Structures are given as structure tokens and as C-alpha cells.
Amino acid sequence: MSSVAVLTQESFNEHRSGLLPEKAKAAVAGTSGAEDEDSLPTYKDAFPPLPEKPLPEGVQETGNAWTTKIRPLKSSVITQVFHVPLEERKYKDMNQFGEGDQAKVCLDIMHKTGAHLELSMAKDQGLSIMVSGKHDAVMKARKEIVSRLQTQASATVAIPKEHHRFVIGKSGEKLQELELKTATKIQIPRPEDPSNLIKISGTKEGLEKAKHEILLISAEQDKRAVERMNIEKVYHPFITGAYNKVVGELMQETGARINVPPPSVNKTEIVITGEKEQVALAIAKIKKIYEEKKKNATTIAVEVKKSQHKYVIGPKGNTLQEILDRTGVSVEIPPLDSSSETVILRGEPDRLGQALTEVYAKANSYTVSSVSAPSWLHRFIIGKKGQNLAKITQQMPKVHIEFTEGEDKITLEGPTKDVQIVQGQIEAIVTDLISRMDYTEISVDPKFHRHLIGKGGANINRIKELHKVSVRIPPDNEKSNLIRIEGDPQGVQEAKKELLELASRMENERTKDMIIEQRFHRAIIGQKGEKVKEIRDKFPEVIINFPDPAQKSDIVQLRGPRTEVEKCTKFMQKMVAEMVENSFSVSVPIFKQFHKNIIGKGGANIKKIREETNTKIDLPAENSNSEMIIITGKKANCEAAKNRILAIQKELVRGLFVSIPSKLHNSLIGSKGRFVRSIMEECGGVHIHFPTEGSGIDAVTIRGTAEEVEKAKKQLLSLAEEKENGEANGEVKEPADPLVPKKCDVIVLSGRKERCEAAVEALKALVPVSVAVEVPFELHRYIIGQKGSGIRKMMDEFEVNIQVPAHELQSDIISITGLASHLDRAKEGLLERVKELQAEQEDRALRSFKLTITVEPKYHPKIIGRKGAIITQIRNEHEVNIQFPEKNDENQDQITITGYEQNAVAARDAIQAIVDELEEMISEDITLDSKVHARIIGARGKGIRKIMDEFKFDVRFPQSGAADPNLVTVTGRPEHVDEAIDHLLNLEEEYMADVVENEAKMAYMKPSGSTASSMEEPRGPSKGFVVREAPWATGNEKAPDMSSSEEFPSFGAPVTNARSSPWGPKRF
């Protein structure tokens, strides 16, 4: 029979001490003095031999190492079953067992703890939960099950306030252990809360267990005593002793804990805790020291300069402890906030002299001195990245060198001799720098600073390199106009002169926006920028910026000297006026077949017309179906060119009207114009125009050359005759007389004469008629509407047919066909619509008014507001569109406003008012402890937004990783900033009190130094598993050979008789 045991890491560590192999012999031989050999197990204890023969029945087996010495190994996985009664179940829905909220909770518990849960329902509808996993995981899962699947009860237990910390335990370990053990939640009141009630929540069973455990802890602490002694503060050093030696010895002798307040805390109370007898013994010893010192000690007062007190105290008070250790005399130093310079020595009379000598020696061992040096030289003395200063401090590390901003001195502090040496070195550096360096300050308006710096610092870096100087331009938030130049005297003067010239030029500089329609921009720029280059050459000091074509902006910006900008503006305005005058355009429809005649041989005709009329004439491409010739130039010239082109066409074109019954028009046109197109193509491209369908007009217009018109006429009449006299039922009809009305066109009325005449008039009234209305061609598309919706609406409303000419005809005539009674109303409706569209055009032109306002980019976010609230309000209030510059836009300070002129001006004034208010604002930096930042900001910034709204200011907190995490910037109007800073500082004081309390409360939660250090200590070399009296260590036996098949035979292999083995007799 075989058994299997699960070896856990814990049990493995218990059986293995981890000794290195090379040290094993030394350990067995006893060379290691650190380990007691008698405590090591013997070989037979650790590896007992198995019994030779089975025991007879009834004979009890004697205890051996296998049953008594080695502890059974426990499995690392345990299983526990918890039962939740029906009345305590949180989820009682029987229909959702295995699903719903209860199942989700179980899955969450398994995910969080790593334990495995299995649920089952008992007969009494109670819930049985089997939890499997590692011990810690099972205990955590149990706690979660109790809190989330079982209804909770609560109770309180009262124990003395001073016992609470023992319930919590070191680093909160005891409290966590209790909560896991009892599956409850235990709430202990805060230290500042006077209540002594501890609240427990959980199941009834858990409540009772937790109560019992807490009361046990309290009962144990009742056996301990706490005593407080009030002893004058001046005698505390004698009780603690130098470096706390005396108080340490007292605690070791008595076993009590003695807490003496540190020198920085102004308390006289000494607290002793421990067993009652230990506390009484400690009190007696402390009283003895106190009474002895009070009786024998005397004092002496001496005057020591306030600045030398810190040298007497020493780093962390070490010097005071050193004097106390050597002489047994306590040195009392007045507090820092006191102006007193009196130092009191207290101790045995015969020791005071020695202590006084040491005090004076320490006080005079250090000195403070200063070196006069202009503040502007400080950074040159320090050197780049502190190189100059590092050389001095490396030689004299004990000397502290302090530079105070704005003061013309350098403070030195350290040993007297070292300070004198350093002082001489710095004075030599200062003298050298003053002899070869100079500085000056110039005043320049802050708005020009960024232009002085240039793009990417190009301007200022060039000046620095050229003149070998350092130039400091104040940042925007300083609102200062002073620029400081430092360096070689000659370089300083040259840099000053150049910067003042630049500033003077900028003060005279002007930026002007010209409104030029975007369609003219390309013409002004010219091919490859040739024309704009001519303008720039003519006005070299003026910078001309055209907007990006994608922005569809009409604003061209000019920047440069005032007079030059004005001259350039007038020149460009004249150029644009000429372009506007020359940009009149007219389209002339010319038959496609006549275009070659317009061009002439080798382009002679078109070239002559262009030159004589000074116009630009564009003809459509040969493969285009368009017949329109576009003429561009001055209006009078365009009209002259148009007349000349039409005259050429008139000479070539002959117009002819052919009367063909309207009923045949559709059949002559053919499917998709097949028949009429073939006639036009065959006859050299004549133009054949049929009247509108349903108009009742028989006249068909043919235009083209005389010869081609005649040819087309014959073909058209022939085709019409064929259609009219087409074969019907196999019989050929005789040609009809066009003057005789057809039978199908005759309506016969019969009845009384007067009634028949009335009926005739009524029938005539039903015959549709047409009327032509002149409507500007550019409005046709608005009348038609989107997908013809506009014109369909009018036709339905007035019960007429409205025919709009084709786009290529460029005609202004719209034809209305319908009953005579409807035509007048339809015409009026159409003309009314035309008036509306013209009014809309005028309104659109008025709404397109644009103006720009220059605003520094740093103010743009403030004008936009949170989530665009402010700019949206301005847009809605003034009904304008406000466009801010894009990220890659060259003019980042230009804001464009579009709308009615008066609205745009009002919106500009509103934005300017915001800018004026922002410019009046100031920024101040304050120090707020970073620990309270999150509390001031609040959840999702609600707290700080409320404060900002109340005090009307803006605040910026430092980002993570900032050099000074406590630095907060407050911006707003001066009166609001002062109020806001006071409020923030009050909040800091209030919240810091809570922070200090929380830190005091959580102090016990921090791991102790000893624990942390022990965790970090590297493990020593492993010693391995060592036994005594091993077979290979006694007599002549050797350790078994691992490679020997005799010592370690394979299963199934034949075995030969061999000598007895150290492992015992073989049984194969």
C-alpha cells in the first residue's frame, strides 16, 4: 500500500534549511561554530529503515521516526463549507438560482480571491457554499461571502479608549486577522473621537465571535499599568542620558516602556507602561535620578551669538548629546523664535568648566561672512551648470555658499579658516568679472518682445552669438518691459543699439487687413508668384500674407512701416480696381460649326478681336458640347467683342421657320431626339428648335448656313409627310391639305344656338395659352429648387406648366403655359418669388460682412470659455460667425467675425471687452501643500470650479513631476486674486489639520524600520540539510554512488548479491 502527501512550499521550507553543498562537510564535521550539533537529527531519525518482516497480528507497532518524528505534510489546498440560513440570505429569488445577481457576486468573489465556489440549495432553502483553495484565499472568500451573500447585523462593544490600539495591532495586522477570522467588519473610532464604542457588523455568529475576541484583548490589557510623571523639562536630558543611553538601560532593567517627550515638544509628562511591578520599579529609579540631579546640579548662564547657536546644537542635536556624554552637563539653548542669546549649562559644579569650554569651542568653530558682488554677476560666478562653484566647494566641502536673488552680496558659512580661503577666491572672481563685463537695461513694450525673440528664437539667438552677450527678456506673466543685456562692454552697447533699432521699427510698424475677393488672389500672385514678387520688390519692407485657398478667406494682411503699408495698400487697391473693372464677363451662344469661323485661319480673327477690344475670349474645347463663348474684360469692351462675334455668326447664319403640326413634333424628334439629331448632323450641324410641348405652336425654327438650312428644311418636311401619311392597315392615304382641319381636330356641338355659343366660349377658355416672363438667369436655379421641388410647388399651386430654358442657352425668358384664367396669378406668383430671391441675395451680401480683430493667442481659450460657452453666447447674441485661427495658420492672433456689419462690430466690441478685462488681470504664485490639492479640486473638479465661480478667478495647479509640487498660480483681477488667495490658504489650513490627524492615525500602519530592513537583507549562503551519524560519516562506509546500478538499480533489472549497502538490506 502506498500513500501520497502533498508538499507545500511552507512545509518544504520547514524541512529544508538551504545549506550550500560545499559547506555540508564542514557543517557535519562540526567546523561551523554557529550551529549546535546536538540539535541536528541523526540519520536514523531522519531516514528510519523499514521493518524487515510484517508484524504478527495483535502485536502493536512500536513508534518510530516515520510515525512520530516527522510531521505529516499538509495539503496546500483546503476546502470549507459555509451554510447561509434562508432568513439570512440576501438573494431569496428561487427562480434565479445559478443566475442573476447571486451568480454574478459568486463569480466576482472567485475572480477577486482566487478560490473556487460551489453553491447548492438545502431542503430548508438555505444556501450551502463549498469553498476550495489556498488557506488565505478561502478565508478572504469567506469574508466576501458573509458580507455580500448574507444579511448583515451590527453590534457595539465598549472597551477603554487606550485599549483600542491593541485591537488594531502593529500595522493593523491584528484587526485584519480578527476580521478574517470572524468574517465581520470592525470599525474603531478615530483617535480624536472621544467615543470608546467599537462597531461590529456581520452575521450573528460572527458578531459573537468578534465581541468575545475584543473583550479578551481588553481583559489582557487590564492587567497592565500606565503611569504618568510630571518632571521639569530641564531634567529630562539626565533621565534620557546622552544618545538615550540611560533611559534604554532603565527599560532593560525594569522591563517597562518609558516614553520621554523629545526636546522639541514642550511637555513635562513622562509616560511609563508595563506590568504593575515593572512600572513601579521604573518610577522609583526615575525619581531617584531626578531628586539627585535637582539636589546636586547647578547652572551657569553665558551669552553666545544667536547665529552661533546652531553650531552649539550641531546636526540633529549631536553636539549637545556629545557634550552631555563627555561632561554629564545639559546645555539649554533658547528656541529659534526667541531673541535671547543666553545659553544655560546645568550639571555637577566640577563638570561645568569643561562643558563651558566645549560650548565656546563649538560656537567659535564656525563663522559667517559675506562678499559684495552685484546680483547680475551671480550667475557668472556660479558658472554654467554650477561648474565654477563646484571647483570651490570640492576643495572646501564644509563651507556653505548662499546667493540671495536681488541682493548684491554672497553669504559664506563654515569653519573660520575655510571661509577665509573661499572668501578670497570669490572676491578674486568678482574683481575679474567686474573688470571685463558690463550690463545695461532697456525698456521695450512687452507686445514687441515675441517679435524681438523671433520665430524659434532666431532673432535673439543671432544677436547673442554676434555680440557675445546674454539677453534676458522677461516672460509674459511678469508684465515687465525691462530687457537686460549682460556681457562684454562693447558687445553690450552694440546689442543694445540693435535691439532699440528693432523695437523702434516695430513701434512704427502697422498691420493692415485688405478685403480682396479670393477670386483675384491668384491673379495678384501671378504665375509662379511673379506679380506679387514685383509688388514686394517695389515695397521691400512690407510683408504681404495671402490666406490659404482652402480657408476661402478674402483677407490679405500687410505688415511693415506705417508709410510703406499705406503706399502698398493704395497700389494694391488700384490693382484690384482694375481687375474688378476688367473682370466683367459675358457668355455668347455661337453655333458649334461657326467656332472655326470665329477663330479664323491661324487664329487671325480671334486674335484681332482680342487685341482691338482688349478682352479675354475663351472658346470651349473641340470635344465639348458647349456652344458658349466667354468674353472677359471691361464691360464696354466685352459688349464690343460680343457684337463683333455675333456679326460673324449673323453673316453665316440663316434663320427659317417651318410650320409643322404640333402633334407630329414628338414623332419628328424621335426617341431621345434620335431623328432630329440625325438631321442636324447630316446637314452640317444646323440648329433645329421645336416649341414647348403642349404649347400648340406649329412653328419649328431652323438656323444655320443658307445651304444647310434649305437641306434640313427639305428633310424635316419629308419626314413630317412620312409620319402624317404613314401606312395604316396596309392602305396608303392621300396627302392631306394642311389648310383643311383634320377630323380629329374638330369638335361638333349640337343644341340651341345661344347655348352652343356659350359652350364654344367655354371650350376656348379651356385651350392652353403661353406667356413669357423675364427672370434674371442667375435666379433660375433658386426658382427650380432642390431636385425641382420649388418649380413643382408653383406648378401645383397655380395649375400651370412652367418651362425654364436650358442652362447652356443662358436665356432670361421663362415660359408659363396653362389656362388663361390661371396665367395672371402664376405670373404674379413667379414675379413675387423673384422679388423674394433678390431680397435674399441682398441680405446674403449684407450678412457676408467680415472684420478681423487681433487678440494674443494666450487669451483665445478664455474667449472660447469652458466647452465653448462664452463664444457660443457671443455668436447667438449677435447672430455672427466667429472663426479662430487654425493650428498651422501663420496669423495665430487673428479672429475673423462674419455677419451683418452692425452685429459684427458689436461682437468685436464684446470680444475686446473680454480682452481688456483679461489684460487687467494679474497672476500670483502661492505655496499650497500638495497634500491638499486633490481635496481643494474635488471630485471631477467640482470643488475648485465652485470656488472659481464664487471668487471670479482662475487657478492652475502644478502637473505631476513639476519642480515645485506646491506652487499654485492664481490669476484674476487684483481684488479677486487677494480674496481667492486668502480663501485657498484658509482651506489649506483647515485641510492640513485633517491630513495631520490622518497621518497620526495611520502612523501605526507603516511597516517598522526593523521589519523593512530585515525583509531587504540578502539571504546568507544555504547550509543544506545536515544529519548526524550518517553511514558515510562513520566507519569506513562511503556515500552511495548515484551512478551505480547496484546502489540504485532499475526496476525489473536482475540483481546480483552484493555487499550490504549503507541504505540497508536490499529487498528486490
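Every residue gets a Cβ built from N, Cα and C, even glycine.
Heads up, TrEMBL stuff is auto-annotated, nobody curated it.
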Matching range for TrEMBL feature annotation, coiled coil, among 394-421, 478-505, 702-729, 1010-1037
702-729
If I go by TrEMBL, the feature region 'Disordered' sits on one of 1-42, 85-126, 589-630. Which?
1-42
Secondary structure of the domain 'K Homology' (582-650) by DSSP, residue by residue, totals 37 helix, 15 strand, 17 coil
Could you give me the DSSP helix, strand and coil counts for the domain 'K Homology' (151-219)?
37 helix, 15 strand, 17 coil
Is it the case that the domain 'K Homology' (508-577) and the domain 'K Homology' (847-916) touch, counting contact as three or more CB pairs under 8 Å in which the residues of each pair are 6 or more positions apart?
yes
